[in-house]
Amino acid sequence: MPTEKEPWLQLDLRDRMEVTAVATQGRYDSSDWVSSYMLLYSDTGRAWKQYRQEDGVGRLPGNMNSEAVVQNKLSHSIRTRFLRLLPLDWNPSGWLGLRVEVYGCAYKSYVADFDGRSSLLYRFNQKSMSTVKDVVSLRFKSRQAEGVLLHGEGQRGDYITLELHRGRLALYLNLDERGSLWGDLNTVAVSLGSLLDDQHWHSVLIERFNKQVNLTVDSHTQHFRTKGEGDSLEVDYELSFGGIPLPGKPGTFIRKNFHGCIENLYYNGINIIDLAKRRKPQIYSVGNVTFSCSEPQQAAATFLSSSASFLSLPATVAAAAAAVAGGTGGAFSLRFQFRTWNADGLLLSVRLAPEPQRVELQISGSRLRLTLHTSAQQKSQVSTGEGLNDGLWHSVTLDTQNHQISLSLDNEPASTVELGERLDAVDHVYLGGCPSSTSTSYCENPTTAFQGCMRLIVINGRPTSLHDVQHGLLGNYNGLSFDMCAIHDRCLPNLCEHGGQCSQSWSSFHCDCSGTGYSGATCHNSLYESSCEAYKLTGSSSGYYSIDPDGSGPLGPARVYCNMTEDKVWTVLDHSSSAPVRVQGSSPQKPYIMRFNYSASPEQLRAIVTGSEQCQQEVVYRCKKSRLFNAWDGTPMSWWLDQAGERRTYWGGFLPGVQQCSCGLQENCQDMNYFCNCDADVNKWSNDTGVLSYKEHLPVSQIVIGDTNRTGSEAVYQVGALRCYGDKSTWNAASFYQESSYLHFPTLQAELGSDISFYFKTSAPSGVFLENLGLKDFIRVELTPSAVAFSFDVGNGPVVLTVKSHVPLNDRQWHYVRAERGVQEASLQVDQLPLRFLEAPADAHVRLQLNSQLFVGGTASRQRGFLGCIRTLAINGVHFNLEERARMTPGVSSGCPGYCSGSSSLCHNRGRCIEKSSGYVCDCSQSAYGGPSCREGGPTLSYSKGFFRGSLSRGQSTWDSISSRARENVAFSFLTSQRPAMLLSVSTFSQQYIAVILATNGTFHLHHHHLQPFICSHSFRAEHAKPFCVHSHRYDPGLQITDAAVRQAGLKGFIGCLSSVQFNHIAPLKAALLNRGSSLVSVRGQLVESNCGVLADSKVSETVDRGKEPLRNASQSNSAVIGGEFSDRRVVKALNCQNQSPVK
């Protein structure tokens, strides 16, 4: 064993057993032990599979000394005869030493072998079988990626089909829905599993009760609801296993049948294989079904490294053997199969005579490409296939006979390259890559070596024995693993959240978040703010926004209107029927019913209402001879349904539980004998309009009107939009006064990922913000002197991310913290400091196992507790009610003292509130505005035939964190009579840019280096020359464009007024005005001060006085007239020069 490239220890259990644990020990009284190992298992001792834990980790911990026993309990048992332990690490001061003990029990198996032309039919005792509950369980291993495992159908239209398709398991199930059976089968109800054609056992369990179905494949379960109107599955005559026989033609099949073995097949408790083996009359066998599993002798090899793996085989020996056997002699042919996840990799390189000709076969861009190099400069190429990195087996045949090279893929028609002469293979065939030695300089990896699996290698008609290769009897190799295909599907389960599309390579996976509204490695982070209140705090103005009420939670964003013109920020949600509606002809027996569909789902509505301080909805109700309540017994004639679908009989302005209207509450009804004006039942129009304000019942989901069927009776109703204000989480705070105090919450549910965000302020230099512990795992966020640390352990050892601040963090000012841990990366953000980022190790543990309570503001040991205030704590989109817990916890109080701790906006337009000993001041350095509250305009300027440019240097690590933002916020106001015009352009060192253009037709074009041009439908009429505001958010879907339009608009220049320019937290126009003469700002042309901003202010005032919606960001702002032609294609490279923050 010490001489082997990959030493291993193999156990033969003599029969298939169910293994539940493996224990190891080092060599007795020595320095020899194995500290980690891989566990492989096999039924035959030839085809092996690696055991992996639930999180995909294949490395098992071993021993730290020679005597202690380390037992690894398997998270899922394995049924096998052979076990193989491959040492990965051992004592560096000793050698390999291993004692092994295996735990398990006997395994009983009923097996049937299907040869691809056979099936078993289970026939019912009656004509049809109707069931409301079904349980089907089986285990299978397949030799191919296609094949039917189970099928049954009925004349009513019911059917059930379980089949392999492209290595995945598909279940089709229909209950009483008539239509084309085979047409319906084109739509998969549910698909699960992957790589199921690996010739290893896989377990399947189908559980159905009425329409609810659970499908489990191995350890993965999918829940779904079946199609159809019925609750029972009605199958006629029989169920077939292994194929779908064609009626009237025994032995023929209308879909590809199964080729492989099935064991322990149970249908509703009936052992199908046992009945077949005992030749019971209920079972009819079609074709050759045997009751032992034949094992194919196909051995595979895995190419492990994308840079160093290769397999070298002699071509001349194979050619000679072919000639002796009567072959063509000298001609070269090669056949093999491969499977991979990688889009690129070298499959074959062989030198041909006469030299220097050679042939390369590679996967390039997921296609198969053959290249014939006839000289150093000349080559011929041909490509075939597509999507070859799908993880499926693909067959390749290469032949150089008849003065041409032919290439065929998966039995498709061959592609050819013509030859001027016959070519012969010279010496060696290199498969999967090239060696690094200089002696094979003609063989070079064009991009990367192949990373994947190969099998059935045949050179010149002679099969290659990988067993001989492994034992040094044939050829040479490096970086290969034999007798197994170690391919692993990293997209099962799909760890991409919120509908992100998972793609993978051999060693990693990638999530495409386009169109999801989320970003990050696993589409975890929402691109949107959680509320209108949060948008206002970023300096935004009134308008339509997407808000994500649960952040990274499952709900998704909702489109709302944010009204920020009042002291309160209102969130407005429209519905499908906002206009007044006249109702006639309805009665209590046949009432008029209107359902309201809102711009958000019921779950989103519930989250928005719950997170708001107050909500209301106006209901306008006018009536003529139409009552709301029966005057005799008080029976409701009309009512409405709340968000939960419950009937409500109180009307606007009154309290729940009382059948009255607002006039009853105010005691001013037209007829004081009634509590609603409409109940007076008079032949003239009456009004019972009011506002519903009990938010737990909002919004109105349905209205029912039932008394408009009498002569002259009618009603008119109008249900207004849902309006909510306040964000209960934004200023939900707790103050910690004792180091031993803390708030406790239930265990954090964050196995695969978590994002933690909060604000804090303190005068203490250190303290733990939050902590949650497990047996070994933990997660913690804490304050250290001038730094915030985020640490965790998911089983790979402790990880610590630290963000250091150049200013003290215990300055009694609010600071923002956001810590995130996922399966691919971890990050820590503190205020505007550079983001700290760390990639997760490959093939390591990813699940965070916690079992204690979550401690906020302290630890379980009551040491190193935090002293100060914490607010707006959210974990995975769930906001924690700190105030409620603080009211019942000693040493902690609800809320936080200080001027800057309330929900009132003391500082506006991105201004930051700074606490002082006797008050507060507003830091306007990151705002386009100035003054005591960041609402006042500053100096203005005008210039002719010029422009200004700002540039600052930024450390590369800092710039990387800025340039990788998934969202950019751009806002400004302008006044112009010119079009087309360049309004704003921002560019980076890496040629990224954002540009806002006013087009000739008056529409806005937003350009970004990774974004298709966005065209705003609002037309700007230049002849009116009114101030207009732009507020834009940029998200990154990753589509490349050219910048010709940007260059053309830049050359046209801009004449007019720009004001309130804001790019993220940068105020470039303000920076230019306050840093005249600085080398960081360059100005071309003559500049003089201007008062064009006064015009903008007057226009805004005029608009407000008329009662119209005020212009966004157009009130009291810094302004400048910018005129002239721009010689640079990027017009304004504007930077924040005030605090020397290096942004370009």
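Cβ coordinates come from backbone N, Cα and C, glycine included.
Here Cys896 is paired by TrEMBL through a disulfide bond, and of Cys869, Cys924, Cys934 its partner is Cys869. Counting Cβ atoms from all protein chains shown, Cys896 (disulfide bond) has 24 others lying within 10 Å of its own Cβ. Across the domain 'F5/8 type C' (1-105), DSSP assigns 0 helix, 59 strand, 46 coil. Break the domain 'Fibrinogen C-terminal' (523-575) down by DSSP state and the numbers are 6 helix, 18 strand, 29 coil. When pLDDT values are averaged over the domain 'Laminin G' (300-485), the model yields 84.
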